[in-house]
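Written below as structure tokens is the structure these notes are about.
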């Protein structure tokens, strides 16, 4: 902080400091010649909306009230730091805001003041950076009244410097630890609770951190000022003695209690006089542990600690010595035991203690020779004063010894190159009764204020002169006259008059005070002084303060009686001699230095030290006197604003220009605002920084009267101009963010489209492996005992499960889910089907329903129209655990029943996806599903009444099963042992462009055509020509949907026929009707005589028509002559192969091979007649009539469709006579697949 003393010309290389090279070169006001090294602008992602103004120089109106309003606004939003140029203003929040964490600390490392919000870490960073960069000693002056947060600010500066100063050496780290340990140690001995502050510093401290040439701390030195030793012997109500007395008496270990007789603070006069023993929120025992730990870190040995606590114990017990008047009116000590214990602690003779406290030795002198010696008894008042003087002297010297011991441990371990000083001294004090202590404190604050004004004004004037800027001087209050009023000897000031009074009337304090009042009359002509009866007023910069004269001369003498010096000199304790090293010189007649002399000398030494360093300033403000968070007393703060001179500081800083910055830094901040200095966020200016700054101001239309160009800096006149520049910069980022968002959204769309393509390709490659596994499991569920439909065995068939989307959100599936009350059950399977419904007075009839299988229930859902509204409801809910078995036939029909055995009838249902339903139900029951497969279906039509539905196979019947009169008529299916065909491979097509986006060119973000699209297509294979006996089935023309594809890709892949309204290709003709299928025939090999009425007698050599085949060794045959049907052993027959049909356009489908082996074996020898079948249908003498056409019914795929090639799987011819029909269907399917591939359907999912 402060005003940099950086050289204008030349270049000074820094050595390994924390900032990046770009920041250092740009931000230091130094140019390396030619084009400046400008760091690329970045958006401040952590930048918050500014509350008020962060720099008071940017206020539009400069007044104390405006400053107060801005500080209040920021305080209410937890913004406690505000700048005045390089000066930091801090308002005490009286609570933890979480702004001193390691993360916050790291955010300020290596950052310029303008890059981050105001903070005490920014002050520390600036001081450390300037020290390393320019080898200048730095100092941070913290000022403000008691309780404003000065000590906290000093600790945070030490925290920051210890963190960023580097150094991995163990000695460097030990030095850091010791420096940080000085805080709790000196606070316990030097701080106390006052009415205005619970941790008020009752001494001044100047900590000087010493660094080597690498910026690593190698040592430190502490100078203490103005310890308030009078607090040791007396405090006002609700205040406390120094913290250490309460820490020691409350938490002393048993060793010290035994050695020194330590008791609770209520037992001692010096700690109980004010009746205040505790501080809200402070744990004295924990603080004492921190104090002991700090002593250990400093290196204080255990014997040294014992001696320190021995002296503290002696002070406490000295305060308990009481005096009474004897018969002669002199002071006497009634309780000798306390005197004896004090003598034990000081290691002196008790008689000497008694004598030193009650008798004063007077000596007369004549003509320069020693005269007579008299022992003058003291009265009780005088004895109490002597007692308190001894206690204060011991504590004062003990505090000095602790500081010296700390300095001894912090002695520099290496060569000291530079230093950073931190001044923490209690601020300006105004009480109801102000005495000598307040005069000294306020005097030192006047000296610090004088430094602040002189250096601030001087630095401002020097900068304007150096930069050749025209400005108007600002009037301000120079407090040098107040300092002279207090410290001057000619004419005599307050201190000189006080010393003269002490020397003239030294024997009687009352007479000395009266003499002092008389001397003050000579100062009445000074405009900053007023003399009143018994008091005088000094007009300080912080306000008028009235000081009481009474007792001021005694405090100024500040000398220990020779009797007490002789007492401590007689001690056998070496530590006591260390505290009082000066021997009593009986012959020295010179006046010893007074307290005012000492404070004057200390203040001048401090000023001389600060003047040799580059200063930084922190002005602390106390928002209220109640130490309450979030309370802002405008009157109190306004008073502090006035006496701290913040308004004058703002005026001096403004001086006509609210903002100034080096050319390099200005260009780095605002180069985005000019098209000649930036392009797409990059710095493009090739000239020097000064011309770049001029160009930016020109392109942003800033009037000439609003700025001036100096030698190395640009000066902006009003804060509104700076706000306009910052607003334009923010708008640039806003526009850039919109462009980035647009590009990012386009990129995301590109990624999503690519992901969809990859997923689609993966699904095509894998073909839904999990679904295939479930499909293959379905073959095992049927146990190879039930004929299969040909469409069920397609390689593309998948067991998708939830066909109706019951588990989906939205759409019809959600309507069904809500209407059926499925709730949170997991849906395993859903499709449409039929349930056999019995109606009174009518025959049973299939009725459409919806089947839903969940992990717990099987639900039959009905859809009804009620008052013109579709109502969906669960007609029946069956727990899956209640399903005892499933009954189905061994033919290819889709009917089955659930045997439940409940009070309700078992449902008889028709579902085209029966096998898939059985599979999911078996998995839900963990494989415990019992499936009964026979030539009929059993179910309980009524509770306890078992009904049977026969299933018969009729040749030539349609692919749609029909139900009539408890009989299901179906056609022949694939053999029960059939399995699914392999998954068909898709036809390779040309690759499409990667994206259809408008911002991205085809081929992806990099542009260019897709590489896949450039691959040559495989040569198109000729279609096999049909035989002459069959009309060819023309291939339908595929009309692909248009896609955005590059011209090159289209040309490289394939050519397309242009389609238009006038040039549309004619539709393909309908397929030729297939010839009537031939009936399967069998030749009789052996004679067979029927044994039952349902068997057919045959003779060798006859031809019989095969009606149906059973897997149990019996065939149902019909005599073509008599048209009689019956059961015939399969081994007695040889099936005659039908003549092959003409070759279809597509590859003919292979038919199942006949059992030629069995036939050949039968031809060799006639086997024994097989055993009669276990159960045969009663068909003796009955002619099998073809079933009537069935009414259309609903199904999962298309329950209303009778198309034999539909998804129901019911249009598959099974006999050899239907081979031509199979060929036609195969050709139609092949053409449909080619059309689908030609359209490049991206949404085809199995």
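Heads up, the Cβ atoms here are built off N, Cα and C, so glycines get one too.
Taken from Swiss-Prot, the feature region 'Disordered' covers 1-41, 956-1080, 1127-1246. Marked as ATP binding site by Swiss-Prot on the basis of sequence analysis: 144, 145, 146, 147, 148, 149, 150, 151. Annotation source Swiss-Prot lists phosphoserine at 372, citing similarity to another entry. Under the heading region 'Actin-binding', Swiss-Prot lists 419-501, citing similarity to another entry as support. The compositional bias 'Polar residues' annotation in Swiss-Prot covers 956-970. The compositional bias 'Pro residues' annotation in Swiss-Prot covers 1033-1045, 1065-1078. For 1077-1138, the entry in Swiss-Prot reads domain 'SH3'. The compositional bias 'Basic and acidic residues' annotation in Swiss-Prot covers 1229-1240.
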Neighbour tally for residue 144 (ATP binding site), based on other Cβ positions within 10 Å of its Cβ: 24
Rounded inter-Cα distance in Å - residue 151 (ATP binding site), residue 372 (phosphoserine): 53
Residue pair residue 149 (ATP binding site), the residue listed as 'phosphoserine' - Cα distance, angstrom, rounded: 56
Lowest local Cβ density (other Cβ within 10 Å) among binding-site residues: 146, 151: 146
Secondary structure at residue 147 (ATP binding site), reduced by DSSP to three states: coil
Neighbour count (Cβ, 10 Å) for the residue listed as 'phosphoserine': 9
Residues of the domain 'SH3' (1077-1138) by DSSP state, where helix covers H, G and I: 3 helix, 29 strand, 30 coil
Other C-beta atoms that fall within 10 angstroms of the C-beta of residue 149 (ATP binding site): 23
Helix, strand or coil at the residue listed as 'phosphoserine' [DSSP, three-state]: strand
Near-site residues: ATP, ref 144, 145, 146, 147, 148, 149, 150, 151, CB cutoff 8 A to centroid: 92, 197, 200, 426, 427, 620, 622
Least Cβ-crowded entry, counting other Cβ within 10 Å, from the binding-site residues listed as 147, 148: 147
Other C-beta atoms that fall within 10 angstroms of the C-beta of residue 145 (ATP binding site): 23
Sequence-distant neighbours of residue 150 (ATP binding site) in its chain (C-beta under 8 A, six or more apart): 142, 143, 144, 201, 424, 425, 426, 427, 618, 620
Integer Cα-Cα distance in angstrom, residue 148 (ATP binding site) to residue 372 (phosphoserine): 56
